[in-house]
């Protein structure tokens with residue numbers, strides 16, 4: 001069985017067929033066709049009414065929403081923080097001062113950052129942290145002057161005031177005018193050229209083991225240390241049980257006739 005709408009739709013299809021072909025006149029009689037037309041007109045009118053009601057409902061909701069938005073509190077202005085400047089002898093990174101934005105700070109070489117390296121804009125319009133400053137790093141804080149030298153601060157540099165008998169940028173070289181008594185100076189075999197290298201534009205020289213630096217920083221020589229004499233001067237225990245013989249860079253022990261040197265190289269034992 002057809003429902004009312006299905007039956008009307010069936011009649012409507014017959015109606016359209018009736019208009020296209022005379023052979024379809026047997027589908028429905030005139031009265032049935034007119035009834036189908038009226039039913040479809042009523043159906044479309046009902047659909048039009050429901051559509052109009054839907055449109056009217058949407059319009060009402062839009063109007064209510066518009067009124068609600070209009071009556072709402074006005075938008076608050078966006079919060080920002082005061083502008084920040086780079087510290088003297090430093091730099092600033094960041095140009096936005098709105099909430100949650102960050103600004104970073106650094107110092108130029110030779111300066112140390114005091115304060116906050118990063119500051120954040122807060123919702124109350126203030127910055128976190130402390131105002132940064134760039135302080136000059138003390139060139140003498142690392143105590144570069146050696147051997148009792150006094151460090152003097154300069155503009156981005158320092159200068160060492162050296163005590164007597166010392167010279168060099170950091171007072172690292174001895175300035176002996178006369179070699180010590182335990183230095184061998186009268187034999188070329190007991191002298192060596194120093195090993196020198198430039199480090200940070202400063203000449204650094206050193207001697208082999210058993211030799212010491214003599215002369216000035218510009219004209220220095222490595223002279224043998226007479227260990228046999230050094231131990232006599234210091235009052236230390238004797239290096240050798242019998243005789244101490246100085247050799248370039250070291251020493252050796254000898255025994256009197258009839259004695260042999262032991263394995264320690266220092267003691268003597270009579271021949272058997």
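Cβ coordinates are placed from backbone N, Cα and C, and glycine is handled just like the others.
Note: TrEMBL annotation is automatic and uncurated.
Counting only same-chain residues at least 6 apart in sequence, those with a Cβ under 8 Å from the Cβ of residue 134 (disulfide bond) are 87, 88, 89, 90, 107, 108, 111, 112, 113, 114. DSSP gives residue 134 (disulfide bond) a strand state. Summarising the annotation, TrEMBL assigns disulfide bond to 107-134 (among others).
Look at TrEMBL and you will find 162-171 (among others) tagged as disulfide bond. Its own atom aside, the Cβ of residue 171 (disulfide bond) has 22 Cβ atoms within 10 angstroms in the protein chains shown. Look at residue 171 (disulfide bond): DSSP puts it in coil.
The domain 'Sushi' annotation in TrEMBL covers 79-136.
Here TrEMBL flags 136-172 as domain 'EGF-like'.
The signal peptide annotation in TrEMBL covers 1-23.
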Calculate the per-residue pLDDT averaged over the domain 'EGF-like' (136-172) and state the result as an integer.
-> 78
